[in-house]
Protein chains: 2
Amino acid sequence: MREKLTIIKVGGKIVEEEATLRQLLDDFVGVEGHKVLVHGGGRSATKIATLLGIESKMVNGRRITDEETLKVVTMVYGGLVNKNIVAGLQARGVNALGLTGADMNVIRSVKRPIKDVDYGFVGDVEKVDASLLSDLIHKGVVPVMAPLTHDGQGNMLNTNADTIAGETAKSLSTLFDVTLVYCFEKKGVLRDENDDDSVIPQITRGEFEQYVADGVIQGGMIPKLENSFEAINAGVSEVIITLASAISENGGTRIKK
Amino acid sequence: MREKLTIIKVGGKIVEEEATLRQLLDDFVGVEGHKVLVHGGGRSATKIATLLGIESKMVNGRRITDEETLKVVTMVYGGLVNKNIVAGLQARGVNALGLTGADMNVIRSVKRPIKDVDYGFVGDVEKVDASLLSDLIHKGVVPVMAPLTHDGQGNMLNTNADTIAGETAKSLSTLFDVTLVYCFEKKGVLRDENDDDSVIPQITRGEFEQYVADGVIQGGMIPKLENSFEAINAGVSEVIITLASAISENGGTRIKK
């Protein structure tokens with residue numbers, strides 16, 4: 001039987017402020033069994049870039065990553081944010097290991113081809129190599145993954161944290177019984193966007209399509225759920241969309257096959 | 001029989017410039033057997049700190065590390081410099097893993113007590129835990145260590161790269177036949193500081209004391225050699241002081257028991 005593994009993705013907002021980070025780390029300690037934390041860090045990157053006189057350009061919510069911006073995100077995601085989390089988890093008795101996709105060649109990407117937009121040094125994930133990662137997890141190590149990968153040719157690549165979490169979950173699902181948790185600023189997928197308590201507790205593919213047809217689920221939640229079903233179809237046992245403060249609880253929206 | 005392991009420490013100057021870094025990585029690939037790279041990054045830290053409006057204060061060649069400076073060195077050493085090296089090694093087929101002392105709790109330090117000088121968030125190494133590290137090395141992973149440790153209470157600590165290399169070498173010498181290489185801006189320890197070719201090929205403790213008494217070895221080279229003998233006494237097989245460009249060759253000064 002495959003052992004349970006929980007992969008939790010949290011956005012930058014939560015890990016970049018001292019109080020919310022402290023709460024997250026306390027909650028993360030409470031998550032039982034093997035686990036992986038995937039984090040963002042966009043606000044800090046924008047802040048440091050501004051201080052360094054580098055303009056942050058976003059297109060469709062994605063950062064245009066020129067050479068100077070790549071240095072900033074490598075510093076901020078791989079250094080500042082990642083090591084702050086790692087040190088915080090070590091202080092809580094969690095044997096964290098900070099990783100980018102370049103480390104142990106865990107995630108290799110390809111630089112996004114230029115179509116309408118040149119995103120610069122942004123990576124589309126090509127391959128996750130989970131063999132050494134799973135050995136470490138079995139030994140009690142808790143990987144903390146920054147939203148960075150590499151191209152195998154010496155370049156780091158800025159990579160979406162949701163994608164890192166999803167692709168890592170898919171790859172590890174061959175070895176573990178994986179639950180993927182996307183932390184979100186709402187309690188879950190809402191039936192009524194104006195009512196924070198109208199969480200839909202569980203969604204199957206058929207129900208999802210009906211919700212979309214009825215206009216209940218719309219906007220940015222649609223690709224998030226599409227990604228979730230893709231993960232489920234690739235072997236991930238369950239995807240949960242919930243509040244960061246509820247990762248060790250039983251709430252949120254569960255996406256099932 | 002213990003397998004051979006080479007730990008190479010290179011200063012910031014070499015890893016911070018594209019051309020010298022490329023050369024170093026090419027040379028590092030040529031080092032046979034298990035290996036570890038320990039790097040500095042002080043020049044980049046000073047540069048980024050200046051751009052961020054943070055003054056770099058040095059006392060006895062050591063950086064005074066206040067809270068803001070700690071963020072800079074965490075970003076620069078753990079992110080920018082470390083991941084640039086890791087990606088460069090991966091491109092050369094070396095399965096590098098970037099680490100700070102916080103990662104897998106490899107090196108725990110204690111914040112340096114305030115005596116004459118308050119160095120701030122600077123760590124004095126307390127304990128190296130090489131068990132997971134040695135497992136990974138046996139599996140072909142090449143650790144790339146940034147000059148950062150942690151205090152086990154959630155704080156990263158700025159830590160001298162020579163010390164990281166020396167302490168890691170001592171710890172791994174219980175499991176491997178360790179050669180520790182300190183890269184230096186000269187070809188080795190010189191008999192005549194004005195003659196770059198006057199390298200002393202080998203120094204024993206007795207010879208070292210005689211050289212110091214005769215005034216041949218002086219200044220900053222004395223603590224460097226004291227540290228080398230300490231490593232030798234703690235089980236490291238050999239310490240070599242040489243040029244970075246000569247790490248895969250047979251030159252430099254060899255320090256033996």
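Going from the start of the chain as shown, residues are counted 1 onward.
Placed from the backbone N, Cα and C atoms, the Cβ positions cover glycine too.
The substrate site in TrEMBL is built from B:Gly41, B:Gly42, B:Asn158 plus one of B:Arg63, B:Arg191, namely B:Arg63. When the record's substrate-binding residues B:Gly41, B:Gly42, B:Arg63, B:Asn158 are compared pairwise by CA position, the greatest distance found is 12 Å. B:Lys224 (site 'Transition state stabilizer') sits 19 Å from B:Gly41 (substrate binding site), counting Cα to Cα. Cβ crowding, taken as the number of other Cβ atoms within 10 Å, peaks at B:Gly41 among the binding-site residues B:Gly41, B:Gly42. A Cβ within 8 Å of the Cβ centre of B:Gly41, B:Gly42, B:Arg63, B:Asn158, the residues given for substrate, is found for these other residues of the same chain: B:Gly12, B:Gly40, B:Ala45, B:Thr46, B:Thr65, B:Val73, B:Val76, B:Tyr77, B:Pro147.
Annotation: B:Arg63 carries the greatest number of neighbouring Cβ atoms among the recorded positions B:Arg63, B:Lys224 [cut-off 10 Å, Cβ to Cβ]. For B:Lys9 (site 'Transition state stabilizer'), the count of additional Cβ atoms within 10 Å of its Cβ stands at 25 [all protein chains shown]. Neighbour count (other Cβ atoms within 10 Å of the Cβ, all protein chains): 26 for B:Asn158 (substrate binding site).
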